[in-house]
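Participant: Reproduced below are the annotations present in TrEMBL:
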type	residues	note
DOMAIN	B:22-243	domain 'MacB-like periplasmic core'
TRANSMEM	B:274-303	transmembrane segment
DOMAIN	B:281-395	domain 'ABC3 transporter permease C-terminal'
TRANSMEM	B:324-349	transmembrane segment
TRANSMEM	B:355-385	transmembrane segment
Amino acid sequence: MTKPLINLNEINKCYQVGDQPLQVLNNIKLNIDSGEYISIMGPSGSGKSTLLNMIGLLDRPDSGQLIIDDIPTHALEEEQRAKVRRNNIGFIFQNFQLIPRLTAEENAALPMMLAGIDIKIRKQRVAELFSQLGIEQRLHHLPKQLSGGQLQRVAIARAMVMSPKILLADEPTGNLDQRSGWDVIDVLESLNTEGITLLVVTHDLQLGQRAARQLAMVDGKISEDCTKGEGHDQAS
Amino acid sequence: MIKLVDRWQFSLKVMAMYPGRTLVLVLAVAIGVSSVLLLTSIGEGARLYINKEFNSIGSDLLIVLPGKKQTSGGSLPFYSTTPRELTWRDALAIKQLSNVEFVAPINAGTALVSAGNLSREVITIGSTSDFLIVRKLVLAKGRGFYHSEQQRIRHEAIIGSKLKKSLFGDARAVGQWLNIADRRYRVVGVLKERGESLGLDMRDMAIIPISSAESLFNSTALFRIIVSLKQKSREEVTKQQIINLIKQRHDGEEDITIVSQNAMMDAFNNITQVVTIAIGVIAGISLLVAGFLIMNVSYISVVKRKAEIGLLKAIGASSNEVQLLFLQESSVLTIIGAVLGVTLGYALVFTSNAFIPYFSLAIPLWSTLTTLIVAVLISIGFTWFPAKKASSLDPVIAMRGN
Ligand SMILES: Nc1ncnc2c1ncn2[C@@H]1O[C@H](COP(=O)(O)OP(=O)(O)OP(=O)(O)O)[C@@H](O)[C@H]1O
Ligand SMILES: [Mg+2]
């Protein structure tokens, strides 16, 4: 057996709400292999986004280990976590999170800009991704001049621009009509077929069931972890 | 690390996004910078004016004063009562020194000068033919004194242009007679029109031979001796020679003070420079005001752009990088404002100089550089906390917006 790409071991996260502690992630253990396609479903407030943010190094666990590609990220300084995030992880959000004053091209190239990569290389890489995503005519548009589906494609291009190993999508279709939603999922799936590890949080059962591996969360725990064709596998 | 070009472009785009806000901040910085430059230019203008005055009478002069300087610091003499007077003979002895070129003893007093029924009370200077040379005075009409005349009491006078006008009007003065106190003098020369020279209005003066002045004022005590040197580089040596020489002539007592033109100029330079810096610092307060403005606006900007900050962190910007971005924004703003301010300052000084030629303003380079540096430091200082706040935002919460 090969080593998992992502390894969560006894991850706990607790928020203090008023004087009540709220256990948002409860002793999570999870292994994710390179190239997997995983959906995360569950009721609102069950901790799906928190789990995704944890894997994306946007959040720190109170306790437990999170190892990504052999890097013990829980032990890293903020500066190094930012670097791991920049090089290994692509994020896609429900509300796109594009910067309104920047063009589609500039938005998509932001992670490369942060990494100090030359503008020529950035333009080339973004043009490549845009044509792959079918938005090559939209390079110089501002976000307000684009449709929801196009905005999410720009966001996908931004997530992919550094060629990360892991793509994290938190309700990527939440703000889209069904048609564009399915289109976006098609794009994500095709990226997965090319090898990227894909985690999608969704409320849409139909979408969730397209994933090869489906996680269900309840009250900060992974209640179900089933892989297509292998049947159910009760999570610990 | 973000490339510098990219950081600049990022900042410029933010500025373009909020044009009103940008304009106010840029103007605040520009006004602050230009007011500092303008005020220091007045101080510097005064300094240059004084320097010009000094240089107009030559910078290679030594001034020998009777009395030993009592103060330890400073170069302007405050001397005690003269124990032994300084005389024309002392001056003649000084002239024998190897590095001394010209020596003008000065015996001065005020006297009533009259011609016909017109009269005027003016400063009357008794000196030698060297006087016109060391004070760089030029004759408009007539001639100066002959060397040999120093030895005899000759009743000849050189008068300033204003005095000439008030006594003789437009008529010819050279060759005419006038009275100084109760003595008659023949006018041999008229000075060319020239402005004030170090507080002395040379236009309203009469100059007579030293020997004649001694008997007119009934005193051989000199007010001072002006010495011009052949080689300026040997100034210190010559100074010591003069001191030794006079000491020897005054029974071993060191009772003179020698002030060099340079030392006096330095003293004035120091004073005006200190005053200029003080004015500049006071004007610098306007830069602080700009700093507070920038700080406020930065805080607002951080709140407004929470989602953007969260996103930047989510896609791999470190906290330091975020802080740097915000610092850079205010620096870019400040640099643009400062460049505008410098341009404005120089333009105002240029305009002022074109319209007021007799007192020219000059912005000292040190003031320009210091102001630029201070402006940038202030903007960084005042943006530090807003930027820190931005960098410490939790990306997950920040991305939810407000
Ligand atoms: N910063 C925070 N402070 C306090 N409580 C928080 C914080 N962030 C999240 N929570 C709480 O943690 C729980 C899990 O939040 P999370 O966003 O992970 O849920 P979710 O499963 O993504 O829900 P949804 O489907 O509505 O997006 C919620 O009850 C939420 O109120
Ligand atoms: Mg969520």
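Note that Cβ sites are derived from N, Cα and C of the backbone, with glycine treated the same way.
Nobody curates TrEMBL annotations by hand; they come from automatic prediction.
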Participant: Sort out the residues at least 6 away from either end of the transmembrane segment (B:324-349), same chain, that have Cβ-Cβ distances under 8 Å to it, and list them.
Facilitator: 2, 7-8, 10-12, 14-15, 22, 25-34, 36-38, 41, 290, 294, 298, 301-302, 312, 317, 361-363, 368, 371-372, 375-376, 378-380, 382-384, 386-387, 390-391
Participant: Can you tell me which parts of the same chain pack against the transmembrane segment (B:355-385), counting only residues 6+ beyond its ends and a CB-CB cutoff under 8 A?
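Facilitator: For the transmembrane segment (B:355-385), the far contacts come to 29, 32-33, 36-38, 40-42, 44-45, 48-49, 276, 280, 284, 287-288, 290-292, 294-295, 298, 326-327, 329-331, 333-335, 337-338, 341-342, 345-346, 349.
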Participant: For the domain 'ABC3 transporter permease C-terminal' (B:281-395), what are the DSSP-based totals of helix, strand and coil residues?
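Facilitator: Tallying H, G and I as helix, E and B as strand, the rest coil: 98 helix, 0 strand, 17 coil.
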